[in-house]
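Notes follow once the structure below has been shown.
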Amino acid sequence: MPSSLLLEVPALADFNRAWTELTDWLSLLDRVIKSQRVMVGDLEDINEMIIKQKATLQDLEQRRPQLEELITAAQNLKNKTSNQEARTIITDRIERIQSQWDEVQEHLQNRRQQLNEMLKDSTQWLEAKEEAEQVLGQARAKLESWKEAPYTVDAIQKKITETKQLAKDLRQWQINVDVANDLALKLLRDYSADDTRKVHMITENINASWASIHKRLSEREAALEETHRLLQQFPLDLEKFLAWLTEAETTANVLQDATHKERLLEDSKGVRELMKQWQDLQGEIEAHTDIYHNLDENGQKVLRSLEGSDDAALLQRRLDNMNFKWSELRKKSLNIRSHLEASSDQWKRLHLSLQELLVWLQLKDDELSRQAPIGGDFPAVQKQNDVHRAFKRELKTKEPVIMSTLETVRIFLTEQPLEGLEKLYQEPRELPPEERAQNVTRLLRKQAEEVNTQWEKLNVHSADWQRKIDEALERLQELQEATDELDLKLRQAEVIKGSWQPVGDLLIDSLQDHLEKVKALRGEITPLKENVSYVNDLARQLTTLGIQLSPYNLNTLEDLNTRWKLLQVAIEDRIRQLHEAHRDFGPASQHFLSTSVQGPWERAISPNKVPYYINHETQTTCWDHPKMTELYQSLADLNNVRFSAYRTAMKLRRLQKALCLDLLSLSAACDALDQHNLKQNDQPMDILQVINCLTTIYDRLEQEHNNLVNVPLCVDMCLNWLLNVYDTGRTGRIRVLSFKTGIISLCKAHLEDKYRYLFKQVASSTGFCDQRRLGLLLHDSIQIPRQLGEVASFGGSNIEPSVRSCFQFANNKPEIEAALFLDWMRLEPQSMVWLPVLHRVAAAETAKHQAKCNICKECPIIGFRYRSLKHFNYDICQSCFFSGRVAKGHKMHYPMVEYCTPTTSGEDVRDFAKVLKNKFRTKRYFAKHPRMGYLPVQTVLEGDNMETNLQAEYDRLKQQHEHKGLSPLPSPPEMMPTSPQSPRDAELIAEAKLLRQHKGRLEARMQILEDHNKQLESQLHRLRQLLEQPQAEAKVNGTTVSSPSTSLQRSDSSQPMLLRVVGSQTSESMGEEDLLSPPQDTSTGLEEVMEQLNHSFPSSRGRNTPGKPMREDTM
């Protein structure tokens, strides 16, 4: 706004300040609304945010009167000014702020509606999630409850039926999972601007578990179907195999009979025919070998499931019969071969058979070697086990052939004489018969030994390999179970870790709770260290056994170890961050207060924990908060209020609102004080104790008034004010009583409730208070106006007259009770009159009087209304009254009445009667009967202008300069050294300026001391008059004159206040004594205050000390 307009229309400055303040608050509120995020799916978090939004809306509605007042003030300004530019600017600003107000209100309502919808959607999702997790639990429980079924058709059929029923249930339960997924997708889509991590993570876990259950069910169903098929086919296959055995046995018997005929060996053609028939039989036997083993294996499983029943005995007999016939058939086949091979070239056939066996054994040994190495995971080793079982069955099938061949060779070598061997073995060259026989024997024996050796070696190799497979299967199964268990526990811990909010988003009060939860989680996962070690030990044992783990297992182990380490690191980091946050931002620290200042300012802490502030731009430090400095500077605007009680009260009201103590109820303040156990009023509080208590107070205020309270700023400002009032020396300690007095005096409560609470703090356990304790209370109370430089208007810092006045009011009793104290305080004694006036100022802030100011024409009158009791329809607003402005025909000594609330019809009639009565009184009556009231006082350093004195001094020196014939001096703003004498002249002028300033300060201080001396002499004179009167009259007068401001008392806080007549324009000093004297530390130790009080009030109570003033003056 142009400065020219501000000069032309001074009231625009107040309007502009109020408009800027409200606009800034609305902008801050809008930013806070947009920045607030909640955890979607967390009902507690959403409800807390809804409560905050509701409180914010209430705060907005509480601010509406401020908006209406601003609009009314703007209308009054437009009516008062004729400047078109000013009217345009006012209209534009009002339209902008109304638009901004509506926009913020719409944002709040939309956000509140969104939160309500989010709460509804989250509730539905959580219910659907619970149902989905319930069906998941049921499905998982059914899968885990299934044990290995008996190997019978009925049992397997029953399991198949259960499996199909579960599959049917899963299809029905799929609806629950789909509903939870649909609701989760809706949450993720509609509330993507908020925190959706919880919904996303839970949805992923549900879907993964659901897919795993489906997979396990499908695999189980397929296995059961295959088993059922095999069991159904088993009786048919068994009957078919037994029938084949019978046929094969008949064929074998026929062949065996044919091979035992005489002279068969001489018929080579018959031998070949029989050999061909035997080969056909042997081919059928080998083709049915796998069928035999499968039937035997399945039969054993069925037997185990039918154990103890009649069916089991019957099946056992049939299996034994099958095994016996199979064994006999193979033996007959071998015998047939042996007889057929016992021909003239038998040794050659034996030689060929042994060679075939050696080749087969070598092939099988190579095949067994190729099965190595052991697989690196359970499925691979299980497959190797199946392959080796087939390999062992093949060895078992081959075993009779090998044994029979070796036995045939042994018999052949034993029965054949050397002569026979000579004929059988024909060498290419002629050898002796004995040598030929020895060569045949040596060759067959060597091959037989090789076959036997290779066979035994192959069996040992197979057994060793089976042992390794069994051991590997056992260890790998343990590893898989251990890794699955560890993975489950890690996943559970990771879910908790994933739900952690950033430390910066946590409330300060919840830091300790979160810290305890994280520590509890650390304790819960401590046993996981044993699980991790166990898994790693199993992996090392497998490596020791020569088992190279598969890439899948290696990746799984690496992943588990990495997740375990990351979980540990995350928990330790979280604990460290929470510790640091608790240390930096918790109740025991001041670090959270660092945000109370903005650049270039920085908050620092002295060794005794007292804060101070550094301005990096000017490189200066100060004790006062920058905002507190601005507040003190703004209080200077109130120095034009001519009446000291109102001036002090208005300053305190502005201070009260800046500290947000106008929002603090007495009950909330008492709760905070009790919470911190502040019961020993004589004990000192250090800075951390003060901060902790203030933090508790303002945290509660923030919950009730969300966006009205900036906790760090309010705590720092209130701490700053308390130190300025009670610890100006910055010792870092404040008495508990002083802290309570400061907080309770400015809180929001009924005036008499404050009196009762403060009296209770200094009263004994019996409820009585002596002079010394009352002096402590009044001493702490008077420091509040003293800090504002207003103490001289309330009797100065000496509280002895007020204490004596109170006890004289109580007929000089040694102790007083609460009722007498309240009666005395209702008289508004001079030292405490600022407190009731503060309450009246607060009550009048929102009052609207349907009346028009006769001086500035403001309508309606906002605040105090002053109605003349001399003239009809003559009203003055508080601005005109406080500034001493009067209209023509009305004098300051005319009686007036003050209202802080709209008048009632009864009050209008009463005032009309008084005006009518005063109309018949003369001016001499009002001159003779002036009523005591609030006298206009001089503002700080008001009087002679220092700059005027300096200008006069400069003019005097200039005249002397010209009289001596020297060149004229330039004007003060243009003074520059222009000649050799210029530096000397400038030095003289500066010295004269300093001397005049010092002289002015001394004169002002002397005037203050003279005024104070006159006041003491007047009080002494009145005391002597009281002592000369009779005792009874002294008591009556003591009661009457204990406070000349009795005419100022209020009948009730809710009733309009009857203001006393304003006296003549006699001026009085406001507080120069406190402002000009060196600063004194009001945080005097308890011992010094006690000593002062004991000195002031000797043990001989009830006796008046000569020379001590006995009553107070009203300002």
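In case you wondered, yes, glycine gets a Cβ from its N, Cα and C as well.
Caution: TrEMBL annotation is automatic and unverified by curators.
Note that this is a predicted model, so its numbers are computed, not measured.
Looking at 43-87, 898-942, 988-1032, the stretch flagged in TrEMBL as coiled coil turns out to be 43-87. Model confidence over the coiled coil (43-87) stands at 83, taken as the mean pLDDT rounded to a whole number. Long-range Cβ contacts of the domain 'WW' (595-628) within its own chain (Cβ-Cβ under 8 Å, at least 6 residues beyond either end) map to 658, 686-688, 710, 712-713, 715-717, 719-721, 723-724, 727, 730-732. According to DSSP, the secondary structure content of the domain 'ZZ-type' (848-904) in residues is 6 helix, 15 strand, 36 coil. Under DSSP, residues within the domain 'WW' (595-628) fall into helix, strand and coil as 5 helix, 13 strand, 16 coil.
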